[in-house]
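Student: Here's a structure for you.
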Amino acid sequence: MKIIESVTEMQAFAREARREGKSIALVPTMGYLHKGHASLMKEGRKRGDILVASIFVNPTQFGPSEDLDSYPRDLARDTAVATGAGVDVIFAPKAGDMYPRGYQTYVNAEELTLPLCGASRPGHFRGVTTVVTKLFNIIKPTVALFGKKDFQQLAVIRHMVADLNMDIEIVGMPIIREDDGLAMSSRNAYLQPEERKNALCLCRALAAARGLFNGGERSAQTLRERVVRLIGEVPGTSIDYADFRNKDTLDAVETADEDTLLALAVRVGKTRLIDNCILGEEN
Ligand SMILES: Nc1ncnc2c1ncn2[C@@H]1O[C@H](COP(=O)(O)OP(=O)(O)OP(=O)(O)O)[C@@H](O)[C@H]1O
Ligand SMILES: CC(C)(CO)[C@@H](O)C(=O)[O-]
Ligand code: BAL
């Protein structure tokens, strides 16, 4: 496996792959890899001749008071996970190479970025769409894979790719969970033992809402009350959002149906975790 740090070297590699008629599958990540990332990589392995994983903690998607500096980083560990998942190339650029002095061009999606994480993390999606566009331009993948844990991110990227006529297939992958149901996340590493237990309130609230829905409840307000109560009972938690939305438009819904997204962002101690489900789907 090859590790490429320079943007120009990555571009040259991708150009040569294209010249040889080889397709590239890309898994963009911020590193500190876990089985969720590995599942994207294993699927990517099947979908391209060459599998590239990018590891870049992208400064433009972090707000000024967020965890850019403390975000966990461990390239040696990531190299082992990526090798095991069949990655051919890790692209791990430096921030100064991606955003040199004088950098001033951004990609911005509109409506889909307004609610949920877009509302609680102003500027976040502008950073995501910008860096993903740059990664696409540098690596020239035919297919790129993203997790449904970041449901809104996947929706925004799909929309951007369609709007800007990017000739790239976007694949959404299921949420991978720990045995007890907690969605895998690099930020789980921040959780103290007691917080780790308390963090189960997210997946339990999703399960409770799905249970009520399967029992016939359709009022988003009633479903939401159950979710808010369950999470509120757990010490050290605060809800950033707990929203019922149409899974395609992300518009708020009052009457839930099988396609309704329940999206959660909850702080457990200082750690902000997200999780979601579609009410009519197994998860
Ligand atoms: N549990 C998971 N199951 C499936 N995909 C996941 C999971 N966790 C992350 N991903 C996907 O991996 C890609 C890279 O995500 P990222 O590196 O931010 O990991 P993360 O664990 O979500 O980190 P964070 O804790 O910062 O949210 C994204 O497409 C994301 O949706
Ligand atoms: C897509 C992404 C790699 C862009 O920095 C990031 O938002 C992530 O890890 O989900
Ligand atoms: N998984 C999305 C990256 C972020 O939280 O910034």
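Numbers here mean position along the shown chain, with the first residue as 1.
Glycine too: its Cβ is placed from the backbone N, Cα and C atoms.
Predicted automatically and left uncurated, TrEMBL annotations should be read as such.
So TrEMBL lists these for the protein:
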BINDING   30-37, 147-150, Ile176, 184-187  ATP binding site
ACT_SITE  His37  active site, proton donor
BINDING   Gln61  beta-alanine binding site
BINDING   Gln61, Gln153  (R)-pantoate binding site
Student: Considering the recorded positions His37, Lys148, which residue's Cβ sits among the greatest number of other Cβ atoms within 10 Å?
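Tutor: By the 10 Å Cβ neighbour count, His37 comes out on top.
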Student: What kind of secondary structure is the residue listed as 'active site, proton donor' part of, going by DSSP in three states?
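Tutor: DSSP assigns the residue listed as 'active site, proton donor' to helix.
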Student: Ser186 (ATP binding site) to His37 (active site, proton donor): how many Å between their Cα atoms?
Tutor: 10
Student: Using a 10 Å radius around each Cβ and counting other Cβ atoms from all shown chains, which of the binding-site residues Met30, Leu33, Ile176 yields the largest count?
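Tutor: Output for this query is Leu33.
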Student: Taking 10 A as the limit, how many CB atoms besides its own sit near the CB of Ser186 (ATP binding site)?
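Tutor: Ser186 (ATP binding site) is surrounded by 19 other Cβ atoms within 10 Å.
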Student: What residues, ordered by sequence, lie under 8 A Cβ-to-Cβ from Gly36 (ATP binding site) and sit at least six positions away in the same chain?
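Tutor: Gly36 (ATP binding site) has long-range Cβ partners Gly147, Lys149, Ile175, Ile176, Ala183, Met184, Ser185.
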Student: Rounded to an integer, what is the Cα-Cα distance in Å between Gln153 ((R)-pantoate binding site) and Met30 (ATP binding site)?
Tutor: 14
Student: Near ligand 1, which of the binding-site residues Leu33, Gln61, Ser186 are found, taking a Cβ distance under 6 A to any of its atoms?
Tutor: Ser186
Student: Output the one of Gln61, Gln153 that, of all these binding-site residues, has the highest number of other Cβ atoms within 10 Å of its Cβ.
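Tutor: Counting Cβ neighbours within 10 Å, the top one is Gln153.
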Student: Which binding-site residues among Met30, Leu33, Gly36, Lys148, Ile176, Ser186 have CB under 6 Å of ligand 2?
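Tutor: List returned for ligand 2: Met30.
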Student: I'm trying to understand the geometry here, so how far is the Cα atom of Met30 (ATP binding site) from the Cα atom of Gln61 (beta-alanine binding site), in Å to the nearest whole number?
Tutor: 11
Student: Quick one: Cα separation, Gln61 (beta-alanine binding site) versus Lys148 (ATP binding site), in Å?
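Tutor: Rounded to the nearest whole number, the Cα-Cα distance is 18 Å.
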